[in-house]
């Protein structure tokens, strides 16, 4: 008992020291124990924050007033808000600043585990974390920035007064927003040019003999490069440790799904069953289907057959927009018998899988429609397949031809291809929505093919046709209300752990 008490006191003191500054460099991993439910909640909420950063980074100029305002609002809603002037006094409601910093610290390392598995995931995670770090660093007061540099041993060499006088004119002429007066009043750092390539490219610093001279206000660029390098190396090391982490049966289902988890509306609840007739599908595919479903539908009509990946992706989408089991069986049977499959073979080989989608066969799982992340990151199409995300899996030239066939304007195609080049596949799809619906700026962030369909119906019908989105529950909220009452005990009891992981697996099943 005495040992536990001393250990707890030591942990509390180390936390107080670690979270005494509003910004972390994420060098030291968290050492405390947390419940599985806290693990899950922290991870999902940070993922929401990073997805917001991705969307804002394309929609607005980074660090512009609108960008900062919207990011601050989302951070506040998710209890990630960092105020430069905040103290540790208990607020009237919600967590303290210390608790927010703890959540930020732990959630970052949880997502490291989920996003270290592939090069694409690592690249996405690094970019969003760097953008979040930039926003927070720029929000600090000058004194806090210096304190942060000292705490993390980022001791960059400042040039002497004599060298500054000798280079006075060069520094004034080459440095952004620096005058003769400010040169004398601020420090300049001498850094190898390869550590400040962004500043060199923008010609914002003086370059001489392989070194750049950086004014104090631009030091954020160097810190960001350092942060990016450290995080990249840390993710590579984390990837090597994954086998040991996956051996923990409490975490495996969560981490396996978290990297492509969908955290938006639940489109598995069929409140529009029967509202869509089979005769409407062809016209709806041209008006309201996202490109991924439009191309699968077109392939089905042309070839009268789809492989398993295409049937699952498209079948669950049709289920989500309102097709009943009876309609789905009729739809797939009528299409397949136009090809090389007769009615008897369909009933024996394919009808089972359709009933399985609706939870009527096998383990009776009522499967949910695929989210964008599921389509993009899992089961990539091979030769002869037609599923997947066209923006992620199609050759750019073939994608361009397809967009031309669908009468997207040349300037619109250029915008879409630029987003694809930057690996912003969901934003490319959202741009496709805006261009095909004559909407200047969509009022939503696209995360799901069924969301695309519902938003399209709203635009085409003046918001009257489909009302499911207002009724659909939020998945994270729904899941949080189902949290077991004894999460700490679950870690110690094998049976409870099995039940817990089954619930978590079910929670992320639609990802």
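Cβ from N, Cα, C; glycine included.
Among the features that TrEMBL reports, domain 'DNA primase large subunit C-terminal' is placed at 283-453.
What TrEMBL records for 292, 372, 389, 429 is [4Fe-4S] cluster binding site. Residue 292 ([4Fe-4S] cluster binding site) is surrounded by 28 other CB atoms, counting those within 10 A of its CB over all protein chains shown.
The annotation region 'Disordered' is assigned in TrEMBL to 466-511.
Residues or ranges marked as compositional bias 'Low complexity' by TrEMBL: 483-492.
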Using the Cβ centroid of 292, 372, 389, 429 as the reference point for the [4Fe-4S] cluster site, which residues of the same chain not in that list have Cβ within 8 Å?
290, 291, 375, 376, 390, 391, 392, 425, 426, 449
List, in sequence order, the same-chain residues at least six positions removed whose CB sits under 8 Å from that of residue 389 ([4Fe-4S] cluster binding site)?
292, 372, 375, 376, 425, 429
